[in-house]
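A quick write-up on the structure given underneath.
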Ligand SMILES: Nc1nc2c(ncn2[C@@H]2O[C@H](COP(=O)(O)OP(=O)(O)O)[C@@H](O)[C@H]2O)c(=O)[nH]1
Ligand SMILES: [Mg+2]
């Protein structure tokens, strides 16, 4: 079959980023995907923690994957930088996994959840999931941001908690759809079988497109300018994926 020169058939794994604020259930979602898919796909995982390898340890102890297939990147104080501006450490971790366990079908990369607006660079992942949870409040989907509006998939997680936190899931879904147009949203609970199948069904579709050479990595866009506790201001408005540069303008 002649190859499409713009989208050659990939010789490597599908790299899928999982982003979203701390505690929304990123590690749990990765554990769930491993549990569901490890029988049919060869999977590796890269976690990003600020100072620890806690996510990697959680996933290893969950026993859903050979512990050797779970690697931790320690990102230092600025976790979004490691998935967006200078992805070197993460790319090396992904490529090492791919080399050590060749061939892999899927590498899941968990972001060090720092805030609502961090997204992955398309230089690191082929597709990305953004995870919110209902306990974060029903209005969070409406507030938007590049991940919420333009990640390949938005997950509204822990819907089993909705009655306990007074969140209207259909309304939250409607708000998310309004922010995302045609892009898919899954209302997920690990306790709800049908929702788990929606998630794995979405991933199977992306993987099929990727293997057919039809998938294109899309950039949800940079995070909003923001400040750090030390007074450093980040303005991520320009493209600097590969140049190692950083806009750290001091106020
Ligand atoms: N009730 C409920 N809790 C969940 C669900 N998914 C994850 N959690 C819990 O949410 C908490 C944070 O999950 P974790 O995966 O560590 O979040 P992360 O910081 O985004 O990686 C943990 O206590 C999980 O057990 C879910 O579907 N339902
Ligand atoms: Mg985690």
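Here, residue 1 is simply the first one shown, and the rest follow in order.
Quick reminder: no glycine exception, Cβ is built from N, Cα and C everywhere.
Other Cβ atoms within 10 Å of the Cβ of residue 25 (GTP binding site), summed over all protein chains shown, number 22. According to TrEMBL, the feature GTP binding site maps to 20, 21, 22, 23, 24, 25, 26, 27.
Under the heading compositional bias 'Basic and acidic residues', TrEMBL lists 227-251.
Annotation comment: TrEMBL describes 17-186 as domain 'CobW/HypB/UreG nucleotide-binding'.
What TrEMBL records for 216-251 is region 'Disordered'.
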**Q.** Three-class DSSP secondary structure - residue 26 (GTP binding site)
**A.** helix
Q: Using a Cβ cut-off of under 6 Å to any atom of ligand 1, determine which of the binding-site residues 21, 23, 24 qualify.
A: 23, 24
Q: Quick one: average pLDDT across the domain 'CobW/HypB/UreG nucleotide-binding' (17-186), no decimals.
A: 93
